[in-house]
């Protein structure tokens with residue numbers, strides 16, 4: 001089965017493979033890699049063997065997402081950075097940027113996006129945002145002021161009040177919201193691990209065989225084959 | 001950004017745009033509550049958020065409207081659909097739930113009681129409304145926020161500076177929400 | 001005095017007529033709501049939500065013009081970008097239930 005994994009051109013032939021052998025294939029591929037990083041691929045996000053059938057999206061959705069996602073991400077950045085002068089702010093901008101990730105996940109496959117956007121990134125966004133917010137709040141305390149007393153912030157030349165608030169919005173709230181929403185998305189996409197064996201190892205396999213068993217799997221395969 | 005209300009007192013009558021938007025919102029809310037098929041309820045709930053965003057925009061609350069747009073159109077619908085994908089779908093013969101008459105009566109009674117208090121609530125946008133004319137809170141923020149924080153958006157000034165500690169609490173709550181989801185779903189990694 | 005405040009007929013300004021147009025679009029949205037609630041198939045509902053989203057973008061843009069608040073256009077932009085996400089999410093859910101989702 002490792003041949004199928006290594007040679008991505010052969011994934012087209014693997015459509016009728018039994019499901020348990022698919023699980024074995026992904027186990028083999030991940031055995032010598034860090035658990036959260038992607039296996040080497042041919043450059044296309046959707047050419048993975050993770051799906052039951054080789055996952056190709058409709059020719060409408062993928063190019064459209066390729067065009068829309070950068071625009072939406074830029075707009076999320078604008079909403080975040082321009083929150084002091086127009087409607088918006090860190091919360092809204094972070095939600096929009098997380099929604100861009102949802103968009104990419106729907107177009108290129110959730111599992112591929114999960115591999116592409118490692119757990120480290122998601123956790124670093126959420127934790128880093130919380131730490132930056134707390135740090136900006138605690139620096140004035142260390143300098144003898146009150147929590148979040150922006151005018152004591154040691155920001156040279158620039159206006160410390162304005163740029164302290166911008167720092168809280170851009171580096172604090174927006175990453176927290178974006179990271180947590182992305183994390184919720186990936187969590188819900190994977191679902192509840194009723195077996196209980198998946199704690200901590202980040203393996204992708206146990207609940208996969210639960211979720212896609214039964215007639216649903218056949219329906220999905222049929223629907224995918226029609227296009 | 002809190003735009004100051006127009007100088008002329010806003011007439012205390014429901015305009016056409018308000019009436020149509022409110023009708024849309026109430027209809028979508030009823031359909032969401034009564035739809036038998038959960039997927040249909042999720043879809044109609046997406047439509048409900050569209051009406052709410054337009055309503056907030058009309059009442060000059062663009063920050064709230066933007067949040068409604070970003071959260072409900074981008075996030076809530078997707079998360080609900082992902083949750084639904086883990087369930088099995090049941091085909092219902094009827095499109096709507098049957099209404100529990102005693103519960104509907106109790107809700108209607110409560111609604112009528114609340115409606116009786118409507119006459120004492122100031123008109124929307126009224127310059128005499130306490131929330132607007134209060135010199136210690138609303139007017140003080142509008143007058144002082146730019147001088148003290150140097151940002152034009154008063155909402156952001158209140159959120160990040162005057163009520164910064166509350167906002168820190170909210171950010172921690174969002175963070176804790178992510179952790180709680182991890183615990184509930186028996187996971188230790190997000191992705 | 002901007003164009004929106006210009007008086008057209010009997011003291012009604014351009015802004016009033018724009019608000020009336022927005023109300024008309026909302027009535028159209030209520031009509032489209034019938035298809036979203038009734039169905040009968042999920043494809044009908046996907047299309048109905050898509051039409052509702054486009055309709056709302058138009059309503060928000062008209063409101064922004066009528067209220068002379070150009071920054072309100074941001075909300076219309078956000079909706080235009082995210083309504084696409086809602087449409088592909090629901091359509092993929094109906095097509096590949098249990099597959100990619």
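Any Cβ shown, glycine's included, is placed from N, Cα and C.
TrEMBL labels come from automatic prediction, so no person has curated them.
Checked against TrEMBL, the range among A:31-50, A:91-110 recorded as transmembrane segment is A:91-110. Looking at A:67-85, A:200-218, the stretch flagged in TrEMBL as transmembrane segment turns out to be A:67-85.
Using a Cβ-Cβ cut-off under 8 Å and counting only residues 6 or more beyond its ends in the same chain, the transmembrane segment (A:122-150) has close neighbours at 160-161, 164-165, 167-168, 171-180, 182-183, 186. Residues belonging to the domain 'Na+/H+ antiporter MnhB subunit-related protein' (A:64-182) score a mean pLDDT of 89 in the model.
If you look at the transmembrane segment (A:170-189), the same-chain residues 6 or more away from its ends with a CB under 8 A from one of its CBs are 80-81, 89-91, 93-95, 97-99, 101-102, 105, 110, 114, 117, 122-130, 132-133, 136. The helix, strand and coil residue counts that DSSP assigns across the domain 'Na+/H+ antiporter MnhB subunit-related protein' (A:64-182) are 94 helix, 0 strand, 25 coil.
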